[in-house]
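Structure record follows, encoded as structure tokens.
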Amino acid sequence: PAPMGLPALALLLAVGLLRTQAFAPARSFQLDYEENCFRKDGVPFRYISGSIHYARVPRPAWRDRLLKMYMSGLSAVQVYVPWNYHEPLPGVYDFVGNRDVEAFLDLTAELGLLVILRPGPYICAEWEMGGLPAWLLWKPDIILRSSDPAYLAAVDSWLHVLLPKIKPRLYQHGGNIISVQVENEYGSYYACDYHYLRHLLGSFRALLGSEVLLFTTDGTRAEELRCGTLQGLYATIDFGPGSNVTEAFGAQRRVEPKGPLVNSEYYTGWLDYWGEAHASTSSARVARGLEDMLQLGASVNMQVLSWKGAQYMFHGGTNFAYWSGADFKDQYKPVTTSYDYDAPLSEAGDPTKKLFAIRTVISKFQTLPVGPMPPATPKYAYGRVALRKVGACPEGCAAPAWRCLAAPLPSLSLQYADLLDVLDVLCPSGPIQSQFPLTFEAIKQAHGFVVYRTQLPRDVLDPATLGAPPHSICDRSYVMLQQEYQGTLERDGQTVLRVTGRAGDTLDVLLENMGRISFGANISDFKGLLGNLSLDSSPLSNWLIYPLAIDAAIQQGWPHAALPKSSSRGRAGPAFYTGTFETPSTAWDTFVNFPGWSKGQLWINGFNLGRYWPRRGPQQTLFVPGSVLHVGCPNNITVLELEGAPPAPSLLFLDRPLFNRTLSGSTEGTE
């Protein structure tokens, strides 16, 4: 035969390639109502997944946590997207650094993990306001999570930014996102607005396409499933290891007679609230509940088991800065900074005994990845850091880099400033004048602190009652009269103080937002002074209101450049304490303890590590990721103590956390 020319050969190869592509099976992830299973690329499929919240994990640790989840035998991870983390102001978006959700999703794909995405717009997650931006409350009468036109307009704008980032990563388009949740536990919310759910369904379909699997998650009670489900959204449920598995899935069958059984939130542990005992759940109980779910239908074979889906909180992480939310269960219950959750991976990302118990159960139903489980990250107990008096720096010396007293590692020098002495630094725009107090939302302050200042209208020679109407302190206030600390007023707690003074004396009330409600009857949780303070029932007026930009000042180098006072002793009332310390040649994770301190906020190198409150507990330490620390140069520490530092202030760096005033064993785990 005559030799084939190159053009003809190229044409033949091209035709063959097109034919191969034409017959290549399309990527798909679907529901099979006949066989009651998921089908991935046409094959029955079961996922076992775990939750991880990228917003609670520093970006340098993402790979470590995800790899440990993969090596545990998980086939997927479940991921929330907190709206308020990415849109701090209307139309202002942040997707860089720790907020780069696309980089996080790409990393999950690189490591071979599928993704179940939960983009809200409401997510709960014990996150500030359930992930909804505080600026929604700039419109005081807005009805959140409803078909209120103002709320829907904000939601639509957000979804038009977020979901186009998601669509190319859907499984059908070559990505690893197999399903997307719409809203979250909506059946637990009072509104029960089907128009709202239909609007969301339409928006998700328009922006993500008709092929993606959309689902809802609710509790197992009939009223929750009635208000939280909608035709066109596959209904899943959530329950913990104490539940009867058969009865729980029976609740799902009442709303989804056919299709796979899915527990979208199997609780491996529980969260902590300030003032309550550290929550924990036994490894054996969690493992037994997981095995019970996976054994449903086990009398047939592994393919029957692959019809089920199970998910659980696998790694909690940390509520850095002001991101911890609160529940409302008859009273306001703020969540701790630690979101350890007694999860299989500890707050610091260490494998626990619970992880290995779960891994053993998974190994009974599928082959585990080859290789060892990555070890716990190294920790360093830097020891006690004494806070000492320092003098003025010599001329020409940069204060943040210079230590007045050379001392062996670790060392920390102390300077302090009363908060009221530095209002010009913390509120450079000056105060807002108002006849009566304004809420955080009215002055467009999302997080942190606001100072309310007025004057006593008359002499108060005998103790008078300074009080607030019920439910008007949101959430905790620190009262100063003539810059002398008087005490605290608190939401659902003490709301009166006895004071004396002279006419014209300055009354300052520092208000702290402890986190907006993320789960409860109503998440429109306004902050600040919601009602007027009164003196012996006479309302106070003529207020100066200072919204404090503490984080912005610290990130710009304050207060390490200069502080007005030096001291070797602590003092009562809100004040800043600052100094520097050095690490060894490697910066390792650590936990900082606050012996004798009361309540406040901690920054290291400008990074807001969150709230500490050892006086109330159960959390006694704050997690400090090694990625925050510097090697070869001083680490700048800034402490805002709200009630009063100890007489000889010091910090204690440990290699494990403290809960309930005892060393936690949650960081230990051996196979």
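In case you wondered, yes, glycine gets a Cβ from its N, Cα and C as well.
The signal peptide annotation in TrEMBL covers 1-22. TrEMBL lists 38-364 with the feature domain 'Glycoside hydrolase 35 catalytic'. What TrEMBL records for GLU185 is active site, proton donor. The active site, nucleophile annotation in TrEMBL covers GLU265. The domain 'Beta-galactosidase 1-like first all-beta' annotation in TrEMBL covers 437-548. Per TrEMBL, domain 'Beta-galactosidase galactose-binding' is recorded for 574-632.
Secondary structure by DSSP for the domain 'Beta-galactosidase 1-like first all-beta' (437-548): 0 helix, 58 strand, 54 coil. Residue counts of the domain 'Beta-galactosidase galactose-binding' (574-632) by helix, strand and coil are 3 helix, 28 strand, 28 coil (DSSP-based). Counting every protein chain shown, the number of other Cβ atoms lying within 10 Å of the Cβ of the residue listed as 'active site, nucleophile' is 23.
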